[in-house]
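What TrEMBL records for this protein:
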type: TRANSMEM; residues: 40-57; note: transmembrane segment
type: TRANSMEM; residues: 69-87; note: transmembrane segment
type: TRANSMEM; residues: 121-145; note: transmembrane segment
type: TRANSMEM; residues: 157-179; note: transmembrane segment
type: TRANSMEM; residues: 185-205; note: transmembrane segment
type: TRANSMEM; residues: 212-232; note: transmembrane segment
type: TRANSMEM; residues: 274-293; note: transmembrane segment
Amino acid sequence: MFKFLGCGLSTLEVAANSYISVLGSEKYAAARLNFSQGFQGVASFAGPLIASRWFFIGKNADSLDTVQWVYLAVAGLGVVLNILFYFCHLPEITEEALTEELTVKGLVEDVGPFYKQYRCIFGFIAQMSYTGAQVTVASFVINFLTEQGIGISQSKASTMFSLCQVTFTIGRFIGVIILQYIDPALMLTFFAAMCFISCTCVSQLSAWTGVGFLYVLFFFESICYPTIFTIGTKNLGVHTKRGSGLIVMGVGGGAWFPPAQGALADRASTRRSYLVPMAGYIAMLIYAVGIVVDQTLKGGFRFRNVEDEEVIGAAAVRADVTDLSVAKKVYEDGRDRDSSRASIKKGEQGVTIEHVF
């Protein structure tokens, strides 16, 4: 039954994540998805606390009878939400409409076949690597804490793990604010680098110092999953649904990282086993740096969060052109390195560049 539950949840995530990403300005897609998934973080620490205080105490300590009511409540809530969504008039966004919008903006003339969507394909690899690292880091937290030799019991370790999840959730909501101003790829690069550094420190430092870096690691994991998703599915046009499914499929990385870390933990120690998730963070960092480099080569280095059409506009200002197709060519060739601002205007005769100084 858990297989069917997992299948249903993954299908729901594909639909919900892609809808949230395209529903509104592309500029704030990463911030929107991080905000919506921030509530998942709230549930991640609230759920275990509720279970430990009300379900697994007294005569219910060794029984699963009370847990079945939780699953029944979740199923009932799902039915209610389906009914509400059926009667709510939500805007319908088709892939054809997305492609037309991108064409009007001058961002694509021909999306091309799916196998050439390298941003999405490498995004799948990054998502698989990150998810594997995230899952295995969380799986060994209790063992890591109790083996530090500083008097942390199993019950205290469970409470500290919940606090790690709180740190993760706080980081995600802070990320929502920052992503409104900072370029998502640049933000992902910084957070991925901090994940790598923090995980390295966790694997090499013991006692309270290692525990402290564990909290730092959870904080910087916060925005990674939603941000990789929005970057990987950006400007896919008719391939949006397939791309979303591919990147969500990256959660499969969580299936093989824990056994690898467990094997190293048996041979060495739990602390040393945190060298395994480092590999996942390195892969994510390479992807993020690659996106930043690609953006820089095409339209100059981005620090602030801007629309792609603004970058194309800047290229037009530099080249002193007003035709959108020419501006797009300048952008793709990477000839613009000017910081002047420009914007796209849609008039009755077509799309032109408006200079803004």
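Even glycines carry a Cβ here, placed using N, Cα and C.
Given the structure is predicted, the values throughout are model-derived calculations rather than measurements.
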Result, the transmembrane segment (157-179) in contact with the transmembrane segment (274-293) (3+ CB pairs under 8 Å): no
Spatial neighbours of the transmembrane segment (185-205) far in sequence, C-beta under 8 Å, 6+ residues away: 30, 130, 133, 137, 144, 175, 178-179, 213-214, 216-217, 220-224, 227-228, 231, 271-275, 277-278, 281-282, 284-285, 288-289, 291-292, 295, 302-303
